Amino acid sequence: MKKVTLVIILLVSTFSTFSQNLQLEKANEYLQNRHELNFTFQVNSHQEIDTYTKHLSILNFDPTTNTVYAWANTEQFSAFLDRNIPFQVLDSENEPGQGIIMSNEISNANRGVYPLTFPLTAYPTYADYASQMQEFANNHSDICELVDIGGTTEGASGGNKRLLFIKISDNITTQEAEPKLMYTSSMHGDEITGYPLMLDLIDYLITAYKDVAHPDHTRISNLINNSEVWINPMANPDGTYYQSASNTSVANSRRANANGIDLNRNYPDNVAGPHANGHTSYELETQHFMTLADNNHFVLSANFHGGTEVVNYPWDNTYTDHADSDWYFLISKEYAVNCQDNSPSGYMDATYNNYQWPGVTEGADWYQVYGGRQDYMNFYHQCKETTIELSNTKVIPANQLENHWNYNKEALIEYLIQGTYGFQGYVKDANTNNPIEATITLVGHDALNSHTVSSLPHGDFYRPVFAGTYDILIEAECYQPITLSNQSIANYQKIELGDIFLSPIASIAPTALSASGITSNSAAINWDNMNTSYDIRYREQGTSTWIEITDIGSNTTNLASLSANTTYEVQIRSVCGNNTSAYSSTMSFTTTNFTYCSSNGNDTSDEYIGNVTVNTFSNNSGAGTTATGYSDFTSLSIDIDKLQSHTISVTKFWTGNSQRDGVAAWIDFNQDGDFDDVGENIFNSARSRVEIVNTSFTVPTNAVLGATRLRVSLMWNNTPTSCEVFSNGEVEDYTVNIVDNTLNIVDTDVSNISVFPNPFSNELQVKLNNNNHVSISIYDLSGRLIKKMNNIKPQQQTLTIPDLSNLSSGSYFLKLKDTDSNQIHIKQIIKK
């Protein structure tokens, strides 16, 4: 019996291996021919799909059998094989469709004045498609415009295929204040039921609008007169006409574009990042649609697919409900019901996890997708977009095209009309009446960028939303926000809010200035936040020259390099766009005085410091000129250059026999009143009988310019610390002045930068050789910072340095740093 059981196991194993090898052979055959593969595999649960969705394109999921339907290009399938998971290759998912008829196969006698006959009963060749799109615009130029958003991947390399839209509106040459609505189909090149349906829809809208006797004239006229409808029938012609050199057959259509990329996994994703599919660039087709969305704010959109029959709404990349999930369910159910009411039983009624209505599914409840267009449009462009799957068969037989048009016609029209409902208004500047780009948020409702925006040139906005009562927040940069409270709306209703005026805030000077964290050389300045940027200026009390810092992005900034025990005056103004307020009233504060720690030797009878030399400075000292074991030479100043190397030497003086003395030195580089910071201990010489000890040191990059303290210490039998009182030896304090002599290295290459006028009175113009961001500093001849402007963007390689009238007459240094290349330019400038 054991032998029989073993034989059965071996037979099953052999058969399983043989079967899988057959599947692999089929897979390789399709990949060699089509460079992509549709296949299935099993998972244990719906949640397990999440582990695959970043590495494959999931097409569908059957929860009754836990079967995943997937697509992969050659690279992706190779990675899938590494998982050693059994799979099946279904011929029906990889073979050409049946019953395909192309428009060039229809007798010319059956054609009308158009290249195509409507409703379509054949798939268009690409030439007929492009001609028909042009004819729509030519024959109906009063309401139609052909918009070419760019070539496809093949088109860019010499092919003739383009991404084409027909735009329909009553005043087609005028950008009116009305919602923009969009349909686009077949970004998956083998899911093309929507391709002829979009052409049918364009023809229907034109016909019903122009024929006043048409039974649907009133509804269609209302739509066209109050919106701008954009329809793109074919978003991936390279995939649809794959392996058809003449672009006359869709029999070998495939999902991917010419580069083998799934375009519906190629968009930026707010969860998975900018390149969710693992590629480092966006396909040309993706780029064109992204540019279109950048230049047009679409209120409502749908992109059409095939392979099942369901309306899918956001989010695809997260199980979190969309803030407008109730509204999305409303319009999705409406679409499904309209299809169900106009078709035989069994159409548009697919059911997936957690479904609430047949033919409707909520994004990730079906399966998760990263890099999809639907989430991209919703999150990044505040466009309410869904994904509509039109047919179980991706390429339906031509004799079913007209039926599917009839199934979907009512649903397609009513879906567009949903984009004309909701809150609508115009946001304008209260002073100028000019339109404003603003953000419109339903308070306590919106999340994950579900808000909407107003658009130029009219400042109009459109916010479809489920019935309810909402507080509507309208806010724009540089303006005081306002809230419209308790605004009620019903489903299928339009509420016109009219003109909404916002007041500029940059005309108001900031208030509540205060200083905190005051030290001997720094202070934090704070003020009320006005949601703008700010300019601050400060000066020593009693002086006339202001030091300015511009383009501060928050309501606090730190002033550094201040003098100890000095009173400063501070003023601030708000800046937003072209609006600048007056400076605020003056706030004053006083820095603390430095109190360095005490250090000295108690006995100098045997040894003390005989000489301190720093570079060319030299001082012969005694046993303690100020007190026992301490000499205060702070009246002597030593210049040391920032970022340069310097030398210090100390000579030991012995009254009798030589002693074993240690030596140390410190410089307070950051001028905070101590010697404790990293790098401030510039010299340590262990105890020795060597008479002259020396070292070299470099002033660090973060050293504060100006006067600070040097301490030198000699101690018997040990190396001293900076604040130590010890038995035998001496301590000496000096003043060092940290300067930046690079300011004296002035550019002579006028091809790099020019400054004019020079001498100047009130402002300077700087001409650069690029538009890189620049930081600007102005110093006086002592190296003291007078004015600073951060991260300035030149316009046409030119920038202006304003508000220089308060500078005293004389010479200054202008230092410009290209923050993109880190290149520095220095010019000497003269104030009249």
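Glycine too: its Cβ is placed from the backbone N, Cα and C atoms.
Sequence-distant neighbours of GLU389 (active site, proton donor/acceptor) (same chain, 6+ apart, CB under 8 A from its CB) are GLU191, PHE304, HIS305, GLY306, GLY307, THR308, GLU309, VAL310, VAL311, ASN312, ALA350. When secondary structure is read from DSSP and collapsed to three states, GLU389 (active site, proton donor/acceptor) falls in the strand class. Taken from TrEMBL, the feature active site, proton donor/acceptor applies to GLU389.
Among the features that TrEMBL reports, domain 'Peptidase M14' is placed at 122-419. Across the domain 'Peptidase M14' (122-419), the prediction's mean pLDDT works out to 96.
The domain 'Fibronectin type-III' annotation in TrEMBL covers 509-594.
Positions annotated as signal peptide by TrEMBL: 1-19.
When DSSP labels each residue, the domain 'Fibronectin type-III' (509-594) comes out as 0 helix, 41 strand, 45 coil, counted as helix, strand and coil in that order.
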